[in-house]
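J.: Here's a structure for you.
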Amino acid sequence: MHLIKPSWLSHSGEQKDFEVYSCHVSPDGKRLATAGGDGHVRVWSVEAIFNSHDRNYTKPRQLCHMSHHLGTIHSVRFSPNGRYLASGADDKIICIYHLDSNPPSHTSTFGTNEPPPVENWKTYKRLVGHDNDVQDLAWSPDNSLLVSVGLDSKIVVWSGHTFEKLKTLAVHQSHVKGITFDPANKFFATASDDRTIKIFRYTAPAPNATQHDMVNNFILETSISVPFKHSPLTTYFRRCSWSPDGNHIAAANAVNGPVSSIAIIERTGWDSEINLIGHEAPTEVCMFSPRLFYTQKPDENSNANGAASPGLVTVIASAGQDKTLTIWNTNTSRPVLIVQDIASKSVSDLAWTPDGQTVFAASLDGGVIAAQFETGELGWVAKSEENDKALQKYGGSRKGMGTAEDVDGLHLENHSKEKELRGAESRMGALMGDPGPAQKETATTTNGVKPAGKAADTNGTTTPAPPEKPEEESADKTAERIAELKSRVTITKDGKKRVAPLLVSSSGTGLSSLPQAQLVGASSTKPVQNDNPQTILDLSKPYDGLPRGGIAAMLLGNKRKAVIVEDEEEEEPSAKRSATGPVPIVVNGVEGLEPAPLSAPAHGLVPTPEFLRPAVISPNIAYSQVRLAVPKIRSHILRPLERGVLQEETSLEDATKVPENIVLEAKNPAHIREPARITATKRGALLWQDFLPRAIILVAGSKHFWAAACEDGTLHTWSPAGRRLMNAIMLESQPVILEARDSWLLCVTAVGLCHVYNIKTMSSPHPPVSLAPILDVAMTSLSPHGATPAPGVTSAHLNSSGVIVVTLSNGDGFYYSTSLYAWQRLSESWWAVGSQYWNSNDSSVSALQTTAVGPVSGAKNGEGETNVSAGIIPYLERHTTTEFLLKGRAYTLQRLVKALLARDGFENFESSVSIAHLENRIAGAFALGAREEFRLYLFMYAKRIGAENQKTKVEELLNSLIGGVLRDADDGEGWFSKQDKLCGWDRKDLLQGVVLILGKFRDLHRLTVQYARILDMTLGDEEKETTDEGMEVED
């Protein structure tokens, strides 16, 4: 330990040295503020103090001095963000100072020997609220509150944002001489000459809070008096301190019998059974070090190899009228260090540096002394993450305590802007037809993945990028086509020229800088850069195309005829329907929803399925609340296993032309008394054959099993070799949809029940689920006149986790939550007309995307996990767009929304709906386990709430990502779980990406800089380049 006491570090006068009543160190550890009896607040350079022994050190010692009080200054405190400096004096006034970036206007004070100021600290506010001397001050950890106490026995709470008086607490019966805040931001404690310490519970107020909002805030939690029953009233202060882990309060001027002591109050039950005895006279102040310490030197690789870390302790310094500085820690019952006669008079205040290795002591003899410890003397300083972990059990952390106006904040902002600029250059290069430099600029993304050219695989190999499609439309052609649409002129009957109206969203432009909502048809073949990850759709392949408009549905009581497909409609040739009906935008293909061909269909014979007869309807359907149309009995059904596309009418001979193509063929007899035959062939060779007593309606299969659903409501399964896997499953009615995905099988029956089976485990994740809830919800939005038909089921799929995904003809998309046992709506037309992110072309966060992940069956991502639910959310939103455009409601509803925005009270409608849409996407991606979509939508959401300056949501998002800050004592799930992973991503990686996006918003630096420091994101340019090179080598 080194004691440093420069002769110039004092409040000296012409004839004597004035008392120093208070001292405090700034959060960045660069400034020391002192206050004394000369009525001055002085700001010193900590670096100059540490180098006082160096005669060659020429930098300024005193940075500034302020004399805006009319008497003795008793307390001086920096705000946790370093933005403000508060002082309280015996003139009953509290002064708030802030650092002006402009240089000081004067060189030195006239008539004094004061050195010229280096920094320009100006008076920002003068707070009037006390009737007597102000004895002590304290800021809340999140800077939202400033609390002052004084000799008028009052506790005055001020807003840390507006400095308005929020509340006055008059609960003490004598002078209040100490105040300290809980680092978890839940309580504060005050010490008084009435020989009590009172604990107050509070909720951090909003920046614009007023006195009326604080009526029920700041509630007295408890009052502690046992350790102070016989404490003397001769001390000038009773400065108490709260431990950095939130477990204890150290209270000065306590007694244990006849001996002066320091009382340690435990947070759990507010007990005060522990006393620190080591002073011969009453103590004035005790102060915990802001850092936790290891009792033994920790191993650098302890976290990597899973070894247990050494125990953590807190360190406390105390001093008082015996002129002795005593250092304690929680690991020993005796003091670690005792320094006697450290001053010639009483010690009035203590202040630790942020690193916890130096403590300053202010004395009434007019001097300030620094005790600087070497590494290991007090212990080994733990990382700041340990403070956060210790505070998590109390529902708080050191959030928002970062310095906003320091170099770290500038580094974070520069890093954020650099990443955004690289992404912008990449997108601009792609639009201008110059992808080379753009790919070079964005060779490395934030997570280390290289998306350009070749993508690094997990085993070190490289995978070539897919070739570009030659038929893609360039950006210039797209602009010309849009301009042509805008300038399309029509001539009316009276000869006047009029410009044809164009849907605003189709032009791709907008007045706002925010993403514009666009309803883009899925049939477009141009390479539109959207905000959806380019991944393979994780849904079962709909080989059996559903009728146009989906499977018709009827709910009980709608007074309409039972919906059954008419013979005339089905027997109408497909070519005639294509010529007379509306042009489809998308069609059901082998791999899901595919764009419809823009060119005219080829001439010749159009294959048409041969229907034998309608299926026999089960009598149960007459008593069901939901009734779905049942498919007709077809003469034969072909189901290929490979990716080759085969029409249902293709003969077995044509199917053998597809190499390695395994085909399951079901042949139904013309007579009902004959059995149905089902065969599996490979290259025309028979693999296996089986017979069923009833006609087969639907077939499905994967590489794990085959399945067939029959007219009598039975469901049969076979292994790939043709071995029956289980007895026939008896369904309540005829099947209408049969889908397979990996080991999962979905069967939807005519009464609207969805059955899901895991063939590998021979189990079901949940009982049969009815479609009635989603059809009822859809029906409530129909016209009261009943002119709009009931929505039909356009598709029902399974993902690789066995989750049901259903779309309706009104555009709504749903999935069934196996954890909530309820249907949840993921996509609807409400977002299409109100959100700015619907089919948005804004891809400002596309530089943060990872490369696409391969199919579920074989490909793995970098984390070793399959890409579950990939592409489901974009697929459902494209379906909503398709149905929206087909029904012609887009233009009308967008006009209604624009008219709504012009009304009073709806100014923030579009912004609120857009943010809610992103939250809906994030919730859906998280519930489905869509790893890529979750990360992308999370970054889009962070960028938007940062631009909207929604600090509450930003703080909650950062706390949720860091893990467990908002959870209760019991372990939760999802966001509130104790796991290090969140939707397959490491929480630290997600937090780093969000902090990087939010780094450019200076108003949020109070929240983001602290997280950036934890993640080592506040490095300079040279350090940053070194770190980036290391990341590239690692990747």
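For all residues, glycine too, the Cβ spot is worked out from N, Cα and C.
Grabbed the feature section from Swiss-Prot, which reads as follows:
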- 408-425: compositional bias 'Basic and acidic residues' (COMPBIAS)
- 393-479: region 'Disordered' (REGION)
- 15-54: repeat 'WD 1' (REPEAT)
- 68-107: repeat 'WD 2' (REPEAT)
- 129-168: repeat 'WD 3' (REPEAT)
- 171-210: repeat 'WD 4' (REPEAT)
- 232-275: repeat 'WD 5' (REPEAT)
- 299-338: repeat 'WD 6' (REPEAT)
- 342-383: repeat 'WD 7' (REPEAT)
J.: Is the count of Cβ pairs under 8 Å between the repeat 'WD 7' (342-383) and the repeat 'WD 3' (129-168), pairs 6 or more apart in sequence, 3 or more?
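T.: These two segments do not touch.
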J.: Based on Cβ pairs under 8 Å, which of the stretches 15-54, 68-107, 129-168, 171-210 lies most in contact with the repeat 'WD 5' (232-275)?
T.: 171-210
J.: Counting by DSSP, what is the helix, strand and coil composition of the repeat 'WD 4' (171-210)?
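T.: With helix first, then strand, then coil, the repeat 'WD 4' (171-210) has 0 helix, 18 strand, 22 coil.
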J.: What average pLDDT is reported by the model for the repeat 'WD 6' (299-338)?
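T.: Looking only at the repeat 'WD 6' (299-338), pLDDT averages out to 78.
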J.: What is the three-state DSSP composition of the repeat 'WD 7' (342-383), stated as helix, strand and coil residue counts?
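T.: Helix (H, G, I), strand (E, B), coil: 0 helix, 20 strand, 22 coil.
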J.: When secondary structure is assigned with DSSP, how many helix, strand and coil residues does the repeat 'WD 2' (68-107) contain?
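T.: Helix, strand, coil within the repeat 'WD 2' (68-107): 0 helix, 20 strand, 20 coil.
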